[in-house]
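Asker: Feature table excerpt (Swiss-Prot):
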type     : residues : note
TRANSMEM : 6-26     : transmembrane segment
TRANSMEM : 36-56    : transmembrane segment
TRANSMEM : 80-99    : transmembrane segment
TRANSMEM : 114-134  : transmembrane segment
TRANSMEM : 144-164  : transmembrane segment
TRANSMEM : 174-194  : transmembrane segment
TRANSMEM : 207-224  : transmembrane segment
């Protein structure tokens, strides 16, 4: 029963959150929807989830203040350093939360920690390169930045996996859930790489922001009820 609730309920509700965006006619309405629901859930969530919800909203704000991803695709004239730094911090916070979860059960604990450290180091390299390319026309640097953004795709999967099961990080299947979301978001990175026009469509429907925001809603509601589902 618990497995069905974890895999089915959390995943379906997450997907429905994205479906709602399709029916909203303008970008502003989609943005208001994401933030309004987040504020409402944040009011009833516990302090940990309040912080996570605010962090997801902050990530959205960064995308709007420094829009290096636009409806037209990637814009290398905008600063990306703030976004990738935000991604890296979010992944580090997730790793810290999982690492210190009480009675955490991970079948491949050593591999989990090794991969997590490698992912964080890769994301930090991407942060450094994103700073170096500011006002730089060095083609090789821009190429390195582009390919190291795969670690930010990993950080997205890391965040989604942690937020969806935030109240059940000690579940025996968490490791597979974690791997699934990292794989999905990494696949998404490759899709963007080969079909760059999808970046513009994603930005138009606020997908890039919604990925981080919607996954906090389910755990936010549960945290207010102190229920482990």
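Think of each number as a place in line: the chain as shown, counted from 1.
Note: Cβ is positioned from N, Cα and C throughout, glycine not excepted.
Describe each of these features in terms of where it is and what it packs against.
Answerer: Under 8 Å from some Cβ of the transmembrane segment (36-56) lie the Cβ atoms of residues 90, 93, 163, 166, 212-213, 215-217, 219-221, 223-224, 226, all in the same chain and six or more residues away from its ends.
Long-range neighbours of the transmembrane segment (114-134) within the same chain, counting only residues 6 or more positions beyond its ends whose Cβ lies under 8 Å from a Cβ of the stretch, are 76, 79-81, 84-85, 87-88, 91-92, 95, 141-142, 144-145, 148-152, 154-155, 158.
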Asker: Cβ under 8 Å, sequence separation of at least 6 from the ends of the transmembrane segment (80-99): give me the contacting residues as numbers and ranges.
Answerer: 55, 58-59, 62-63, 65-66, 68, 113, 116, 119-120, 123-124, 126-127, 130-131, 133-134, 145, 149, 152, 154-156, 158-159, 161-163, 166, 169, 174, 212
Asker: Report, as numbers and ranges, which residues of the same chain sit near the transmembrane segment (174-194): CB under 8 Å and 6 or more residues beyond its ends.
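Answerer: For the transmembrane segment (174-194), the list is 6-7, 98, 104-108, 112, 149-150, 153-154, 156-158, 160-162, 164-165, 168, 202, 211.
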